[in-house]
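Novice: My structure is below; once you've seen it, I'll send some questions.
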Amino acid sequence: MTTMTTKFRDVEIRAPRGTELTAKSWLTEAPLRMLMNNLDPDVAENPKELVVYGGIGRAARNWECFDKIVDTLKNLETDETLLVQSGKPVGVFKTHKDAPRVLIANSNLVPHWANWEHFNELDAKALAMYGQMTAGSWIYIGSQGIVQGTYETFVEAGRQHYNGDLKGRWVLTAGLGGMGGAQPLAATLAGACSLNIECQQASIDFRLRTRYVDEQATDLDDALARIDRYTKEGKAISIALHGNAAEILPELVRRGVRPDMVTDQTSAHDPLNGYLPVGWTWDEYRERAKKEPEAVVKAAKQSMAKHVQAMLDFQKMGVPTFDYGNNIRQMAKEEGVANAFDFPGFVPAYIRPLFCRGIGPFRWAALSGDPEDIYKTDAKVKELIPDDEHLHHWLDMARERISFQGLPARICWVGLGLRAKLGLAFNEMVRSGELSAPIVIGRDHLDSGSVASPNRETEAMQDGSDAVSDWPLLNALLNTAGGATWVSLHHGGGVGMGFSQHSGVVIVCDGTDEAAARIARVLTNDPATGVMRHADAGYEIAINCAKEQGLHLPMITQ
């Protein structure tokens, strides 16, 4: 049946709070609450159209599917598993109590047809849904979900290029959507000013309201004057500017303005829905996308080419310039910018050594809705990892500066060994009553062992295995076997159709012994696949980590 097509509903969704169950167990209550949390108006970019973030990244295929998912989760037995196919609940099957309660597959296409044109045809027929990464896998926590990764990137860039000190320096970037909205706060936390260009005033307003950006300039001259003043004063202030990056970056080049760092996080991965062509209004863009999609895609990619050319010009000035994973270089290359890949992606430039040790975006949310539960887990993290001053600094800054969106949540980058240690501790806190309700633990699909994305996470692998996508499939299979609460397998997140495959995992800490056993398996195995993947590619850091952690890798450690 393909007649269910309602994508707009004027309704406000918020997850239940407290300890009263609306489902039959916490293992089904958790995905229910996190699905609804993804559509909380304080969390999602366009919740009335089911869009969570990232262009058209949705939580459910349409409202009829959302209703049926909610109803099914409320009635799901403790030994049943719900299957979700591109945002549509398609089956409930008898499994067992340690099996996942939900298995999700979003946006997956046979490789020959894995492109936006074919996907958009399916989407128009209500046969597919773009799940992005954490939108369709129900573990989005707002812009906080990427803040620390962006912060770690800026800090490492500062270490490499500016002797570890970003005071008095400024970052030029664009995009203040659900992901890009993390950039201004991350730059501030790293000690730098930032100029953040955004073409939708509503997105700027959202970031101002949630304190991710400090202030808005009236025009480019005003923005540059503020940057000049704040950098001279050594203040780390973030500035939003309403405009089109494909116009403003070339103008900055023309003026000879020299930022200290340049990147971008517009929704360039989706030219039909996420990147405004030069000279167009947003309303015109959306209307023409319906009537003449091919022309719109062409116009958007032409503007991306101008944007990337300006980034290349900044690189020629000696400005550290990097792609932040939105595939804008690929789009520009397809429009004739032959050297678009002359500036690197952020993973090979700054993050890969962390991935080699299984370190990535570990996140958790308090199903109670009580911020105190998160503050107590913050303290537990510090207690269990007493010597990591960098992590403690992050947690302190996060508590001070990051506003919770929807259910209270936290993210911190930790790796193999520590994830299981923290998960077991959180489960014990639930068992003892120290936390008022269960905790869910998940992560971004952007992690060390869960993604194949040659223009982002697996760019420039030293053995040339950038495009091998067996790894996220193995990761999903292993997490399913280990007893995760829900597991997802997606295509196209971050960089768009045809350019990535990736998997997600979420596990519930409900305070039971059974949960502890599942947590120990899943939160060990999941980051271990990242160490395995990088060790297999020949990275010495990963090989040494595998040996230190006692991983059984037949071709490497035996």
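Cβ from N, Cα, C; glycine included.
Just lifted these from Swiss-Prot, have a look:
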{"type": "ACT_SITE", "residues": "C412", "note": "active site"}
{"type": "BINDING", "residues": "54-55, Q132, 178-180, E198, 244-245, 265-269, 275-276, Y324, G494", "note": "NAD(+) binding site"}
Novice: I'd like the Cβ neighbour count for G178 (NAD(+) binding site), meaning other Cβ atoms within 10 Å of its Cβ, all protein chains included.
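Specialist: By my count, 30.
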Novice: How many whole Å apart are the CA atoms of G178 (NAD(+) binding site) and C412 (active site)?
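Specialist: It is 18 Å, counting Cα to Cα.
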Novice: For the recorded positions listed here, A268, L276, C412, which shows the highest count of neighbouring CB atoms within 10 A?
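Specialist: Neighbour-count leader: A268.
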Novice: In angstrom units, rounded to an integer, how far apart are the Cα atoms of Q265 (NAD(+) binding site) and C412 (active site)?
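Specialist: Cα-Cα distance, Q265 (NAD(+) binding site) to C412 (active site): 21 Å.
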Novice: Using the alpha carbons only, what distance in Å do you get between A268 (NAD(+) binding site) and the residue listed as 'active site' once rounded?
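Specialist: So the alpha carbons of A268 (NAD(+) binding site) and the residue listed as 'active site' sit roughly 27 Å from each other.
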Novice: Which one is it, among the binding-site residues G54, E198, L276, that lies nearest to the residue listed as 'active site' by Cα separation?
Specialist: G54
Novice: Q265 (NAD(+) binding site) has how many other Cβ neighbours within 10 Å of its own Cβ?
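Specialist: Here the count is 25.
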Novice: Are there any residues in the same chain, six or more apart in sequence, whose C-beta is under 8 angstroms from the C-beta of E198 (NAD(+) binding site), and if so which?
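Specialist: Same-chain residues close to E198 (NAD(+) binding site) (Cβ under 8 Å, separated by 6 or more) are A174, G175, L176, G180, I204, R207, A240, L241, H242, G243.
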Novice: Could you tell me which three-state DSSP class G178 (NAD(+) binding site) falls into?
Specialist: coil
